[in-house]
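*Asks:* Taken from TrEMBL, the feature signal peptide applies to 1-27. Residues annotated as domain 'Plant heme peroxidase family profile' in TrEMBL: 39-254. Annotation comment: TrEMBL describes 46-250, 125-157 as disulfide bond. Among the features that TrEMBL reports, substrate binding site is placed at 88. If you look up TrEMBL, you'll see 118 marked as heme b binding site. According to TrEMBL, the Ca(2+) binding site annotation covers 119, 170, 178.
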């Protein structure tokens, strides 16, 4: 799990992992209050636990709350690498990030919204060290890093460090669920290269601007959009009938 968290915040990792590895549902899809009418009320699958945990992680960080549709069954394969291969990496291009989302019928707006989960959590120095001292073999830093932010990152992650130190992905507001993450990437203060690229790409940048009220379309409310995008992600990979299982132990198939 530690290497996974290096790539994504806790919130987004839990949600994406649940969607990629575990999500299977009874009937036509998940729904709010599923277990109140199911044959076994009170039974919650591991996939549902992950979805609820992701929601509660946001709530505990002074964020929004929303109803999480449940009724998932767990998959019969459990490989962490499957999740890692499909999660956006810290240096992924925007094209790669978009493709990983569209492969699961999630939109560019969903990508920008859910990556906003990086308003919480930290990244290890190992995930962005190359940006600080020898970006793409140039012997210098990534020019997209703001000049006044570079010393902060270099101080937290000195050259030739072991990569284990961690840095907040939303500098100055890492414990608040807010839009400051988007303000930071707009100002060249994105910690991960994959995050910083969202502002400068003409497919993703307009959504960042709309979360900040900068025009280019109707303003977007981060709290509302994040909840809706989490629900859409929770319905990725829906199966029907008796596929899958309800695990007795979340970390292993029955």
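Glycine is no exception: its Cβ is also placed from the backbone N, Cα and C atoms.
On this model, are these features tucked inside or out on the surface, and what's nearby?
*Replies:* Counting only same-chain residues at least 6 apart in sequence, those with a Cβ under 8 Å from the Cβ of residue 125 (disulfide bond) are 156, 157, 161, 163, 164, 165, 166, 167.
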*Asks:* Starting from the Cβ centroid of 119, 170, 178, the recorded Ca(2+) site, name every other residue in that chain with its Cβ within 8 Å, sequence order please.
*Replies:* 116, 118, 120, 173, 174, 176, 177, 179, 180, 181
*Asks:* Averaging the per-residue pLDDT over the domain 'Plant heme peroxidase family profile' (39-254), what integer do you get?
*Replies:* 87
*Asks:* Among all the protein chains here, how many other CB atoms are within 10 A of the CB of residue 119 (Ca(2+) binding site)?
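*Replies:* Summing over all protein chains shown, residue 119 (Ca(2+) binding site) has 27 other Cβ atoms within 10 Å.
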*Asks:* Please identify, among the recorded positions 46, 88, 178, 250, the one with the smallest Cα-Cα distance to residue 118 (heme b binding site).
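*Replies:* That would be 178, the closest of 46, 88, 178, 250 to residue 118 (heme b binding site).
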*Asks:* For the disulfide-bonded residues 46, 157, 250, which one has the sparsest Cβ surroundings, going by other Cβ atoms within 10 Å?
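*Replies:* Minimum Cβ neighbour count within 10 Å, taken over the disulfide-bonded residues 46, 157, 250, occurs at 250.
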